[in-house]
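Structure record follows, encoded as structure tokens.
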Amino acid sequence: MPLHVGEKAFKSRVEKGLGNEFMRGAVRSAQGRLQDSRSHAAEELGDWEEWRNLGQEIRQHTMENLDFYLQQLSEKVAERGGHVYFAETADDANHYISEVIEKKKARKIAKSKSMVTEEIALNDILEEQGCNVVETDLGEYILQIDDHDPPSHIVAPALHKNKEQIRDVFKEKLGYLHTEKPEELTLFAREQLRKEFLSAEVGITGCNFAVAESGTCALVTNEGNARMVSTLPKTQITVMGMERIVPTWEELDVLVSLLTRAAVGQKLTSYVTALTGPKEESEGDGPEEFHLVVVDNGRSKILGTEFQEALHCIRCAACINVCPVYRHIGGHAYGSIYPGPIGAVLTPLLAGYEDYKELPYASSLCGACTEVCPVKIPLHEYLIDHRRNIVEKENKSNLSEKLAMQGFHKLAGSAGLFNIATKMAPFLVTPFVRDGTISKGPGPLKAWTGARELPLPQKERFRDWFKHRTKGGQHIAKRGD
Amino acid sequence: MKVSIFITCLGDVFYVNAGKATVELLERYGCEVDFPETQTCCGQPAYNSGYHEKTKAAAKNMITAFEHSEYVVCPSGSCAYMFREYEELLQNEPDWKVKAAALKRKTYELTQFLTEILQIENTGAEFHAKATYHTSCHMTRLLGVKEAPLKLLSNVSGLEMVDLPNRHDCCGFGGTFSVKMPEISQQMVDEKALHIEETDADVLIGADGGCLMNIGGRLNRQKKPIKVMHIAEILNSRGDN
């Protein structure tokens, strides 16, 4: 199933994540590093909040005029001799790409990093077709070598592995003989990949932003692999989510600045590659044939809904890097190639609540994601909106929760009942009190006391104290006293 | 100046001393404090769980309870923020929406009220301890109250404040999250407890009953000798600890 990774049940995925000390250590240190560099890069810019406002405005304007800009993009690409295909579903996209490759009788495919091709599970289809698909982004390459371990992060797909584990993967699968030093590991991967670039017949890339006014696709990388993928093979296929578009180069400038700073804390990545159609006669290199595949796969259904701003996402992963829940359970626990807060928002929108109804609850609603998002997506509010849909529209909440909320509704809505309940609280818990604390709570309190003591309700509530208190030695008479 | 106390359920039932300290502090600065007795819960547990229809009764009850108040002051950032959600919650009921907007305008978290409205940065408090402060998420990120508690605490005589590492991280409470996803919540509070221990503080100070109940409950379970206190108690302290 596209989008999906790992085991089916959320609970067992979470248990697996919580029990994986290696993964948690790797994620913790990566998050720390990424958080620090992001804040530094944001501060350095000075007026970060104004940049965020600008980012939000650009995304808002683009989504509100998406049909216009997609049309413009498609015309410009065609003018430059490229082919554009709008794919409504994952199957449509895969089918088109697979046909292009079939026509070329190509067998060797080099890919640069692309989340949307993960989303539509393109590699599976191409491999079934007998193609040798090589991921050339270092993180993706490691995962592919490691028996197709799924990505756990949208920018750093192998974030869940530490360098010792990577050394072991290279050793076991490719006969690597050196140490876990990043320089040695990278040099080794570079040597392996160079051969692949030179022999690939088709290059497949993702697209960070497509520029509508010129029909250009911009790729943001640090490794330069996307430039190789888009230069050496004779045929290039670029796959983009339909929302990954900017009106002009001016907006590209703003969004690339926001992206690189928010994602990895860099002013700019080592490479920002801008490609416009196939190579022209005067040009020395580049593909002879260029295809742009624009993938909808559920995105247009989000347009015009309360969740429209989820389409503003520029895939920087800043929300993932600050999320304390992600830190403990890791990316695979989300069961989707889009993990973390944005994944918990986006995945149910693209794939429905049935398989992902727990994701909106995998958050303490601390708001760290919303605070850090460079285009101001109200992420934690969207999680509440999802919960509301699950409860009020889909009626998918469980019976005990429904009963509890029914009870809460009655209590909180009635001053009289609330008064009685809070007055009774100390007596109701009496059977569970041991040594002045509650260590084993009944019913719904059990989950609380699994890890924590529950304080005792006070015999004299605040309201009783206030009613009967003396102020400056004088008893204050209150209404109803 | 007339001030109505919005005590919150946790404040009414568990953290009574924090409520008392809140009243005493406000009265010291000449506020005429009252307690509207028909107040209940702000409705956040239902709201954040997606039961918005079932939150409306609580919201309307609270709006009515505080309708005639001049200022509403709450010793919890999270519950104070919940009052700000009412306007949108009741957007399809114009009369209530107007009243919700009025409630929003006059509601303040305690340290916010002390610094912004009463213009106080030093409460003249004295408390002898080494302490660290937990910044609760809703108070800092949603309500936007960041500096007020730290400023007030920095002026408490005898109090040595130590920075809490990773203080921006959630303690793992999250209301119903703590019982709905207890395994994840526990890992979060454990990490918080670890950082608190690293500071070598004797006292953990916070401004939200939910976080204090969560962190305090975990520290107690681990038998850690760290005292958990509400900021109102510290700011009202007179050095007799």
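Even glycines carry a Cβ here, placed using N, Cα and C.
According to TrEMBL, the protein has these features:
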- A:Cys313, A:Cys316, A:Cys319, A:Cys373: [4Fe-4S] cluster 1 binding site (BINDING)
- A:Cys323, A:Cys366, A:Cys369: [4Fe-4S] cluster 2 binding site (BINDING)
- A:303-334: domain '4Fe-4S ferredoxin-type' (DOMAIN)
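Feature map: annotations from TrEMBL on the structure.
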residue: A:Cys313; record: [4Fe-4S] cluster 1 binding site; DSSP (3 states): coil
residue: A:Cys319; record: [4Fe-4S] cluster 1 binding site; DSSP (3 states): helix
residue: A:Cys366; record: [4Fe-4S] cluster 2 binding site; DSSP (3 states): coil
residue: A:Cys373; record: [4Fe-4S] cluster 1 binding site; DSSP (3 states): coil
Inter-residue Cα distance where the pair is A:Cys369 ([4Fe-4S] cluster 2 binding site) and A:Cys313 ([4Fe-4S] cluster 1 binding site), in Å: 12
Lowest local Cβ density (other Cβ within 10 Å) among binding-site residues: A:Cys313, A:Cys323, A:Cys369: A:Cys313
Subset of binding-site residues A:Cys323, A:Cys366, A:Cys369 within reach of chain B (CB-CB under 8 A): A:Cys366
Candidate with the highest Cβ count within 10 Å, taken from the binding-site residues A:Cys316, A:Cys366, A:Cys373: A:Cys366
Listed in sequence order, residues not in A:Cys313, A:Cys316, A:Cys319, A:Cys373 with Cβ within 8 Å of the centre of the [4Fe-4S] cluster 1 site Cβ atoms: A:Ala262, A:Ile314, A:Arg315, A:Ala317, A:Ala318, A:Ile320, A:Pro341, A:Ile342, A:Cys369, A:Val372, A:Pro374, A:Val375, A:Ile377, A:Leu379
Rounded Cα-Cα span from A:Cys373 ([4Fe-4S] cluster 1 binding site) to A:Cys323 ([4Fe-4S] cluster 2 binding site), Å: 12
Predicted model, mean pLDDT over the domain '4Fe-4S ferredoxin-type' (A:303-334): 98
Inter-residue Cα distance where the pair is A:Cys369 ([4Fe-4S] cluster 2 binding site) and A:Cys319 ([4Fe-4S] cluster 1 binding site), in Å: 4
Neighbour count (Cβ, 10 Å) for A:Cys319 ([4Fe-4S] cluster 1 binding site): 27
Rounded distance in angstrom between the Cα atoms of A:Cys366 ([4Fe-4S] cluster 2 binding site) and A:Cys373 ([4Fe-4S] cluster 1 binding site): 14
Pairwise Cα distance for A:Cys369 ([4Fe-4S] cluster 2 binding site)/A:Cys316 ([4Fe-4S] cluster 1 binding site) [Å, integer]: 12
